[in-house]
Amino acid sequence: MGCDRNCGLITGAVIGAVLAVFGGILMPVGDMLIQKTIKKEVVLEEGTTAFKNWVKTGTEIYRQFWIFDVQNPQEVMMNSSNIQVKQRGPYTYRVRFLAKENITQDPKDNTISFLQPNGAIFEPSLSVGTEADNFTVLNLAVAYNNTADGVYKVFNGKDSISKVAIIDTYKGKRNLSYWESYCDMVNGTDAASFPPFVEKSQVLQFFSSDICRSIYAVFESDVNLKGIPVYRFVLPSKAFASPVQNPDNHCFCTEKIISKNCTSYGVLDISKCKEGKPVYISLPHFLYASPDVSETTDGLNPNEEEHRTYLDIEPITGFTLQFAKRLQVNLLVKPSNKIQVLKRLKRNYIVPILWLNETGTIGDEKAKMFRSQVTGKINLLGLIEMILLSVGVVMFVAFMISYCACRSKPIK
């Protein structure tokens, strides 16, 4: 009888040990299976999940405009007064609803090239007025429909998943010809996705043709997006700092007068990118800009919640599931004897024209599918691993303690 009892306890301990070992083995094996599946599905080729969503996004993307309406144009022209602005908006357009065109795979270097056509549909229900509303602003023609961005050539990830979606060339070049040194390079992806298995410590680089440069985002916080754990990456203020504050930005300073010998910050002169037009890009309401930039303009109220740019990235796949891209278009206005309305100006102005907020969030149906096919399976596998390991360890310890206790007692 004592033998039967001891044998039963040993058997229980062995079963517990097997369960614990199996749970422990399942961890690396499960991770390996997940990685294999993810690596297969994020490659940009026909038949993969990534390719289907890459060709034409299923997410509705909106671009909202706020126009800066100048309240005192005569005072500015006659007395060189501060410009008083009042923002009016939003005026909302649905964008990025057109599929990529001229998609061409190149098996030699594992890249895929494409053209991204632009289109915009006005959304009256999401706007405060109509497209016929009048404003007092400087003339800035913003044509969007019937244009296209590219050609882009990106790595498809077939040879190395760590390069998937990273831009190889833009318009046939690896450089932009707008900036000096490394500032001129086309870096990273287009921010719609990144290589999978994103770490919080990473600096995510991406290129934006809207601002004519590559830029980067850093991790800020964990976010739960419709039941999907995502990492929120934000554009840091350091990215807009002057060369004095951040020496890496020295090649983005292209002139010495307006920038006050490269000490001003928060605005970017992109005139070389805009056929010589004096266009300056900033964050809305001159967020993160030096005080001298906005000292000639009244009526601005910058705040991070409304005016910063962020990306919510699902770390396993590298897909951007939610984003808000915010930027402001400004014009440099200087005194000029050749232009009547500018003859009496006594100082330079960086005049805010409009700011935009381009947003996209994964839809409810797609989020449900993503949870079931990606995060749900991963969570279930993790749960099974932990249950097997925990139950196995508890069984092994409990039966071994019982066995040792029984062994120490004399059998009557």
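The backbone N, Cα and C atoms fix where each Cβ goes, and this holds for glycine too.
For Cys251, the disulfide partner named by TrEMBL from the candidate list Cys183, Cys404, Cys406 is Cys183. Of the cysteines listed (Cys273, Cys404, Cys406), TrEMBL assigns Cys273 as the disulfide partner of Cys212.
Of all the disulfide-bonded residues listed here (Cys183, Cys212, Cys251, Cys262, Cys273), it is Cys251 whose C-beta has the fewest other C-beta atoms within 10 angstroms. Cβ neighbours of Cys253 (disulfide bond) (same chain, under 8 Å, six or more residues apart in sequence): Ser242, Pro243, Ser259, Cys262. Looking at Cys273 (disulfide bond) and Cys183 (disulfide bond), their Cα atoms lie 13 Å from each other.
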